[in-house]
Amino acid sequence: MLHNSEAFFITRVRFIFMFGINKLFKKDNSDESRLFTLLEGYKSGVFPLGIEHEWVERYADKPDVLDITLSVPFAVQSANTALATYLSEHLDKRVTVTINVHLPEQFKYKKIKHIVLVASGKGGVGKSTTAAFLAQALVLEGANVGVLDADIYGPSIPSIFGVKNEKPSSKDNKTLNPIVKDAIKIQSIGFLVPAENATVWRGPMASQALNQLLNETDWGNLDYLIVDMPPGTGDIQLTMTQKVPASGALIVTTPQDLALADAQKGIAMFNQVNLPILGLIENMSHFLCTHCGQKNHIFGEHGGAELASRHGVPLLAEVPLNVAIRETSELGGNISTLPANQASNYTACAQLVSSILHYQTQATSTVDIVITDD
Ligand SMILES: Nc1ncnc2c1ncn2[C@@H]1O[C@H](COP(=O)(O)OP(=O)(O)OP(=O)(O)O)[C@@H](O)[C@H]1O
């Protein structure tokens with residue numbers, strides 16, 4: 001039997017519980033669920049499925065600003081600004097977004113999470129420049145990156161990074177320390193063998209050299225290892241592709257018919273060995289007139305887009321023919337010094353490659369549950 005005062009207390013607690021606490025949390029809950037709904041609804045090329053709940057590391061809803069910190073499993077650090085603007089417009093409040101990048105601890109090879117081959121059917125289309133700038137963009141997007149220059153016909157990575165006079169050292173006479181520039185670990189056939197020796201190599205020698213460089217370099221932990229492949233689609237490239245546990249390949253082409261025809265052979269080569277093609281990059285796509293700003297399609301128009309759609313691969317970027325790109329690549333510079341409208345091509349490409357690899361890995365690591373009769 002309860003005393004009046006006890007009964008009153010319980011009723012009061014019940015009342016507070018039913019109305020008070022609910023009311024207390026109602027605003028927070030609805031604010032939180034609105035925020036999560038907005039995040040989930042934020043779709044873009046790099047976030048095809050929106051921002052997942054588990055990526056939200058923390059958020060603080062202060063009177064004047066909403067601060068959100070995300071932990072995203074692919075390299076998209078600079079996607080924060082666009083996301084903050086979107087949220088701010090929908091919530092009618094100032095929003096800041098910080099994106100931390102943490103790829104899952106799934107390794108494709110030793111402590112390397114993804115190996116990406118950069119290939120071209122034809123020589124001189126800007127494959128090495130694209131590989132180097134993509135690596136730099138991935139670093140700026142929050143990833144740990146290495147570059148392996150396997151282009152035996154013209155190892156230009158040391159020169160593009162401005163480290164061509166460096167020689168890799170070894171601490172134990174078994175492994176080589178990569179050269180580090182702009183936080184990128186670099187290894188090149190050009191550091192070790194004079195160019196005139198390497199170009200006469202045949203298939204097995206070339207692929208063995210690639211294997212050795214891959215195996216015997218102390219890469220440490222890497223999110224992405226970008227491999228600059230020799231141009232072409234012959235036996236050498238095929239053997240190399242088969243020897244490397246790559247996650248996918250990128251094909252660089254110019255819009256010229258000849259380059260496109262060779263790029264098509266590259267697509268066929270990777271299809272033959274079942275290596276996913278992450279996308280096509282059309283380099284020297286057009287020239288923007290510095291006087292009138294008009295786009296001139298010097299090498300032809302729509303070639304990359306048509307090739308991509310014919311083979312069902314994404315066209316990741318249309319990089320213009322540009323003096324700053326040439327100078328940066330020839331003088332050993334970094335894309336952070338490029339004009340913003342040029343650097344953005346590589347940023348977009350890096351984000352897309354990283355996102356595609358994430359969703360590709362998720363799709364392939366899904367376990368199929370098969371229900372059988374027995
Ligand atoms: N978008 C661009 N705009 C201007 N110049 C470029 C562009 N891309 C590459 N280049 C220049 O084109 C030349 C060839 O580039 P790169 O060495 O990257 O080509 P490649 O395809 O790797 O050549 P190779 O077949 O010899 O390996 C370099 O001088 C480079 O600076």
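Backbone N, Cα and C define each Cβ position, glycine as well.
Please treat TrEMBL annotations as automatic predictions, because they have not gone through curation.
What TrEMBL annotates here:
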type    : residues                                                       : note
BINDING : GLY121, LYS122, GLY123, GLY124, VAL125, GLY126, LYS127, SER128 : ATP binding site
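Using a 10 Å radius centred on the Cβ of SER128 (ATP binding site) and all shown protein chains, the other Cβ atoms total 25. Taking GLY121, LYS122, SER128 as the candidate binding-site residues, the subset whose CB lies under 6 angstroms from any atom of ligand 1 consists of SER128. GLY123 (ATP binding site) carries neither a helix nor a strand DSSP state and counts as coil. Annotation for LYS127 (ATP binding site): same-chain Cβ neighbours under 8 Å, separated by at least 6 residues, are VAL118, ALA119, SER120, ASP151, ASP228, MET229, PRO231, VAL252. The Cβ of GLY126 (ATP binding site) has 21 other Cβ atoms within 10 Å, all protein chains considered. Over all protein chains present, the Cβ of LYS122 (ATP binding site) has 21 other Cβ atoms lying within 10 Å. For GLY124 (ATP binding site), the same-chain residues 6+ apart in sequence whose C-beta sits under 8 angstroms from its C-beta are PRO231. Burial estimate for the binding-site residues (GLY121, GLY123): highest at GLY121, by number of other CB atoms within 10 Å.
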